[in-house]
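Here is the structure we will look at.
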Amino acid sequence: MQDLIPFLISGLAIGAVYGLIGSGLVVTYKTSGIFNFGHGALATVAAYCFYWLHVDLGLGWQVSAAVTVLVAGPLMGLLMELIARRLAPQRVPMKIVGTAGLILLVQGLGTIKYGPDAISVDGFLPKSEDSFAVGSVNVQYKFLFTAVIALVAVAALWALFRYTRIGLAMRAVVDDPDLLAVKGVGPVRVRRAAWLIGSTFAALSGVLLLPLVGLEPIALTFLVVTAFGAAAIGAFTSVPLTFLGGLALGVATDVSKNYVLDVSWLAGLPASLPFVILVVALLVMPRRKLMAASLIERRPPLQWHAPWRARAVAAVVVVGALATVPAFAGTKLTFYIVALTQVVMFMSLGLLVRTSGQVSLCHAAFGAIGAVAFSQFAVDHGLPWLVALLLGALVVVPVGALVALPALRLSGVFLALATLGFGIMVERLFYPLDWMFTPVSTGRVMPRPSFAQSDDAYYFFVLAIVVVCGAAVVAAERARIGRMLRGMAEAPTAVSTAGLSISVTKLIVFCVSAFMAGVSGILYGSALHSAGTTDSHYSSFYSIILLVTLALAPFANPWYAVFIGMVAIIPGYLPGEDTTYWLNAAFGFFAVQVAMAGGTPAAPARLRAAMERLGRRGRHAPDTGGQAPDEDDTAPNASLDRSAVPEAGEGFRIRGLTVRFGGVTAVDGIDLHAPIGRITGLIGPNGAGKTTLFNAGTGLLKPDRGDVSMAGRAITRASAAARGRAGVGRTFQIMNLCDSLTVADNVALGHESGLAGSRPWSQLAATRAQRRETRTAADDAMRLCGIAHLAHRQAGELSTGERRLVELARCLAGRFDVLLLDEPSSGLDQVETARFANVLERVVLDRGIGVLIVEHDMSLVMRICSYIYVLDFGKLLHEGVPESVRSSTAVRAAYLGTEELHTTGDVQEAEA
Ligand SMILES: Nc1ncnc2c1ncn2[C@@H]1O[C@H](COP(=O)(O)OP(=O)(O)OP(=O)(O)O)[C@@H](O)[C@H]1O
């Protein structure tokens, strides 16, 4: 025990700094909704600032520290508040890129000014030998000093929270971000105060950590990243728990050093422990803690796709141009080879991030594992080169599957944190081991294939692999898996309620992406003949560079990968030590700009026009798939007698359903039946519990009590996807469409998601019969809804009314027996509403399905529903045929007081 005390003391000191950093992170995250991945960059700026004042200008350390913490820290806070304000409405990946870009910017500029080597800085904190004795234990003053300063800062935060108005407001917002919207709190002031505090704490931590690691931007940044684990222990919410978490991390890290001293294979454990804890905390944390702050996100800019013909021509031109490179590149050819290997890496990451909406900050680790496995197969076991390439990349597949596990329950910021933690953990725990990158000085031998030993031959070989990967990525995009990935990225709830098991889709894309990253890591290593820890392409920092630069790449799949990968040739033409750092700084700067703007600018209009012309040449005008609908089909279905529609089947039923949100009982013991062959209405004032009932019925929410069945089969425990496959389809109050897909593809998703289901092979590709079946179902549904003429338009271009009809068509295209429609007529004009009513009545009769509809348009409900349930405050207020609802005094009282329940206008007025 006596041996442990020095580790305990140093651990408490560094832990207090982690707690300080974590507290700043939590305060800014909860008030602004932005998790600052660049927090370490702020600490690094402070460290540079301190160094400049103290060493370059020769000011005393006290003055330098005071200016850094009290002037530079708050200034950074003001700047961060401005950046955060513009990042706030952007999508989560943009928020991640916007803050991670700061890391590249600071690393680039700092290294240009002070060089890449760590500059050791001591002399301002008490020296190691300055200590005092407590009993038989010597305590170094520098640890005491560090811990006391961090403690004082956090105590000041506590006092601010407790005794000042702004502090009280901030505390309230940290507990519940929605309170920012409450009048009188002053959201801008609260956010600004939070950023001032967070950045000042970051500046203080930069000054305190400087003597520990020296002036080295990457080391400093990653030391600060350690504190992300502290924030995870505090569930990204609690400042006191975060501080305690920081202390625990510091102690665990330092104390574990004592235990692993003699165990060589555990040498990396202390440094990786905080990241193990970060990943584990994210895996075990209750889901509700992982809900992002409720901010409205801007829709991404619509991606333009050049016509296929134009894309094919462009592919031939680009590949042709790349094939001429060995003729002129000379000694620069290695840069081109490296660039091509990175094209594969960007395709791999793009598949995950741009196509599937996932995030990865551990792709460099995939590359490293692939390279090491390949070297072992090719060199240690003497396998043929191509076999070793294949096996090496296959080794990365289970690692990708492992990373997919967090992705099953995490998304956005938390998935980014988990993958970052995973990458750093692998780097620190495994890279130093014997079977990884040894010998450390030279790294692993990475041979080239016997048929491509020369640079020229190897270049062509890598180019061939790029072409194969590009073709595979484009083919995947056109196949079922491509639509499923887009669906998962842009309309995850819709495709999962339509029958797609998203967990399987995530697993597939992580495995494929990991395989490609492994191939890239191998090709890169073989290009340079070795792979080692000294190569930055296998480091966690490179994973950040990859994600940030990917966001900057214009163009669609796979051109963005070619564009951004080829940037690797720049250092070949702009030689000089600093070129890479200038590039990093520029990438970081532009990443922040692009993220604040919400994405890369659209392709120039002239280029688009030229490509469209090229695409059309020699072809007839595209088939629009039909004419705009006739207004005639808006007249009521005269031939239909609603009361005569037979009840043909059990359909959808819920019994005793109860859903609570904390103290609010949103649905209270409801029984409801939506049989086949009937349109059943579910109405009630705002907040009555209708959407909650739908969510619980379709498996998006776990009810506290009650049963759900479909066609007599219990589905209470079934997943949302399984319920979809059991025949329950639904639409959403807040529309859930894939904006980047065409209307036809969106509608086809309703059918295809169920066919894709939960089997990996079914998700990858469709049989010919299934393709035909899907096309017929989608065409029928589009025709029914009067949107066939929109089939080739991108969903993101449509009006709200048209989008509603696409949602309905998607639901109609599915193999569902009962459709749950949540406010389907909102956004439709009168003509569209009339057509919509006819469509519903017709499909119920023709197809023998059932409909359960939530609607606020009472005239529509009264016209098409045969039976109506009325909810109020989660309870069933009334059920019966429309006439009984109309004459019910209880219903009238709930809706309108004593007014009569007749028209839309009345109801909406009453609810306003
Ligand atoms: N995720 C949630 N967390 C906490 N409370 C919730 C949540 N979702 C819904 N509620 C609450 O449950 C109650 C029912 O909400 P719900 O959205 O189901 O009503 P609704 O009848 O669909 O209303 P609307 O017609 O406005 O869509 C409301 O009091 C709402 O505030």
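Each Cβ is built from the backbone N, Cα and C atoms, and glycine gets one as well.
The transmembrane segment annotation in TrEMBL covers 6-27 (among others).
According to TrEMBL, the feature transmembrane segment maps to 34-53 (among others).
As annotated by TrEMBL, transmembrane segment applies to 59-84 (among others).
Same-chain residues lying 6 or more positions outside the transmembrane segment (143-161) and placing a CB less than 8 Å from one of its CB atoms are 9-10, 12-14, 16-17, 19-20, 23, 27, 125-126, 167-168, 170-171, 197, 201, 204-205, 208, 239, 243. Marked as transmembrane segment by TrEMBL: 143-161 (among others).
Marked as transmembrane segment by TrEMBL: 193-212 (among others). Within its own chain, the transmembrane segment (193-212) has Cβ neighbours under 8 Å at 14, 17, 20-21, 23-25, 27-28, 30-32, 36, 39-40, 42-47, 49-51, 65, 68-70, 72-74, 76-78, 80-81, 84, 121-122, 124-125, 142, 146, 149-150, 153, 157, 160, 166, 170, 220, 223-224, 227, counting only residues six or more beyond its boundaries.
Residues or ranges marked as transmembrane segment by TrEMBL: 218-236 (among others). Sequence-distant contacts of the transmembrane segment (218-236) (same chain, six or more residues past either end, CB-CB distance under 8 Å): 17-22, 25-26, 29-30, 35, 39-41, 43-44, 47, 103, 106-107, 118, 202, 205-206, 209-210, 212, 242-246, 248-249, 253, 274-275, 277-278, 281-282, 285, 289, 417, 420-421, 424, 540-541.
Residues or ranges marked as transmembrane segment by TrEMBL: 335-353 (among others).
Summarising the annotation, TrEMBL assigns transmembrane segment to 360-379 (among others).
Residues or ranges marked as transmembrane segment by TrEMBL: 385-405 (among others). For the transmembrane segment (385-405), the list of distant contacts is 283, 360, 362, 365-366, 369-371, 373-378, 418-419, 422, 447-450, 506-507, 510-519, 521-522: same-chain residues at least six beyond its ends, Cβ to Cβ under 8 Å.
Below 8 angstroms of C-beta separation, residues 35, 37, 92-93, 95-96, 222, 225, 228-229, 232, 268-269, 271-272, 275-276, 278-279, 282-283, 290, 292, 358-365, 368-369, 402-403, 406, 437, 533, 538-540, 543-544 of the same chain, each at least six residues beyond the ends of the transmembrane segment (412-431), sit close to that stretch. As annotated by TrEMBL, transmembrane segment applies to 412-431 (among others).
The transmembrane segment feature in TrEMBL is assigned to 497-524 (among others).
Summarising the annotation, TrEMBL assigns transmembrane segment to 581-603 (among others).
What TrEMBL lists as region 'Disordered' is 616-642.
Annotated domain 'ABC transporter' per TrEMBL: 652-898, in sequence order.
Put simply, of 6-27, 34-53, 335-353, 360-379, 497-524, the stretch with the most CB pairs closer than 8 A to the transmembrane segment (59-84) is 34-53. By the Cβ criterion (distance under 8 Å, sequence gap of 6 or more), the transmembrane segment (497-524) is counted as touching the transmembrane segment (335-353), at least 3 such pairs being found.
When Cβ-Cβ distances below 8 Å are used as the criterion, the transmembrane segment (6-27) is approached by residues 35-36, 39, 43, 137-140, 142-144, 146-147, 150-151, 153-154, 157, 170, 174, 194, 197-202, 204-205, 208-209, 212, 224, 226-231, 234, 236-239, 242-255, 257-258, 274 of the same chain, each at least six residues removed from its ends. For the transmembrane segment (34-53), same-chain residues at least 6 beyond its ends with a Cβ under 8 Å from one of its own Cβ atoms are 21, 24-25, 28, 59, 63-65, 67-69, 72-73, 76, 80, 84, 87-88, 95-96, 98-103, 105-107, 110, 113-114, 119, 121, 198-199, 202-207, 209-210, 215, 217, 220-225, 227, 236, 413, 416-417, 420, 544.
For the domain 'ABC transporter' (652-898), the mean pLDDT of the prediction comes to 88.
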